[in-house]
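Each remark here refers to the structure printed beneath this line.
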């Protein structure tokens with residue numbers, strides 16, 4: 001009897017471990033693989049020329065603007081992603097919706113609050129109305145329960161799995177600017193390779209193409225049900241059911257909350273303390289309490305720092321475990337005037353680079369050794385660099401800041417020159433014979449950059465150091 005109980009317990013524990021690994025990814029997976037990428041995208045990367053991209057379609061709402069990049073562009077088809085930029089005005093509410101693809105959202109500017117509804121998780125936040133103005137209704141609406149609400153600020157990365165309801169609100173004094181990259185080639189998306197947004201509220205015009213026809217109207221999903229059955233499902237009358245369908249709502253997907261949005265949320269200090277005290281071993285951080293954001297704009301979080309060159313901050317699934325679930329990661333690069341990033345390539349991911357400030361010169365080379373991009377990337381522009389394409393970036397006189405969203409949760413980079421680089425790891429005689437160099441020349445190629453890693457100071461400063 002005792003051995004039977006022990007066997008049952010062991011089987012249950014084994015099943016739990018298996019499900020945990022299936023849900024969030026096994027820690028033993030090779031970092032060189034991107035197992036949740038669609039194979040169909042591999043035939044669409046025969047690109048002869050890359051271009052700096054800007055939005056091609058704009059949709060205006062009551063309290064903001066949504067800009068869409070052309071997902072049919074060959075660069076987006078190669079990477080298997082779709083990209084959106086939103087500007088949310090103060091007191092603007094991005095209405096609840098969900099998408100067919102997982103996404104990463106980078107906050108370029110502003111602050112606010114965001115809600116991500118985890119299916120099946122309890123409403124753990126309870127708020128009570130205490131204002132005298134509402135005291136008369138206290139007994140009718142004394143308490144509201146909802147899932148956790150997060151505060152976000154400039155430099156935050158938000159991870160949103162596909163199919164999860166998501167909303168955000170600008171409670172600051174300045175517009176919120178956010179760039180969103182959706183991985184439409186992720187195996188979690190079992191529809192087509194296009195981004196599909198499913199509105200839970202409101203209705204939205206599809207917008208006007210910068211060079212093309214006007215779009216149609218997108219209704220929310222409740223509009224697709226009959227009013228009668230919808231009323232029965234919610235247990236409300238027909239009039240209220242019609243309001244849920246937003247038949248005459250012309251405000252768009254970003255609406256203005258005239259009286260603000262009063263929801264319960266932890267203070268920034270409380271939220272930070274809670275996150276610092278939480279283990280990330282995959283068992284103690286449960287599905288319902290999973291952390292969905294982290295800041296990569298704070299200089300104190302930099303992984304690479306050069307006091308005269310700049311800094312690089314990476315965010316992967318080791319730091320934010322939910323990224324293992326959506327198979328994406330992010331990188332923030334800040335270059336000072338005339339500084340450079342070492343020539344490098346992405347080993348296991350495509351890179352969607354968005355310039356958040358300044359400007360810089362970028363060069364990209366393909367597998368034939370051809371230059372597929374040689375130009376300037378300015379604030380608000382986007383460049384997609386396919387996997388293994390080599391790139392080189394140099395800041396202009398204003399500096400150069402960019403964020404890269406990558407299609408692997410543990411994206412890896414190989415630098416060509418500098419400390420820990422490909423050439424640094426080769427014997428001098430290999431370099432001599434490969435490039436027909438003298439021994440002295442080979443040593444200079446290998447060692448001139450000294451201990452600089454990934455970010456190089458302007459050349460004249462390097463000479464001064466020497």
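Cβ atoms are placed via backbone N, Cα and C, with glycine included.
Per Swiss-Prot, signal peptide is recorded for 1-22, and the stated evidence type is sequence analysis. Annotation source Swiss-Prot lists disulfide bond at 45-78, citing experimental evidence. Feature annotation from Swiss-Prot assigns domain 'Cupin type-1 1' to 50-242; the stated evidence is sequence analysis. The domain 'Cupin type-1 2' annotation in Swiss-Prot covers 294-443 and rests on sequence analysis.
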Count of other CB atoms lying within 10 Å of the CB belonging to residue 78 (disulfide bond): 22
Intrachain C-beta neighbours of residue 45 (disulfide bond), sequence separation six or more, cut-off 8 angstroms: 78, 386, 387
Integer mean pLDDT for the domain 'Cupin type-1 2' (294-443): 96
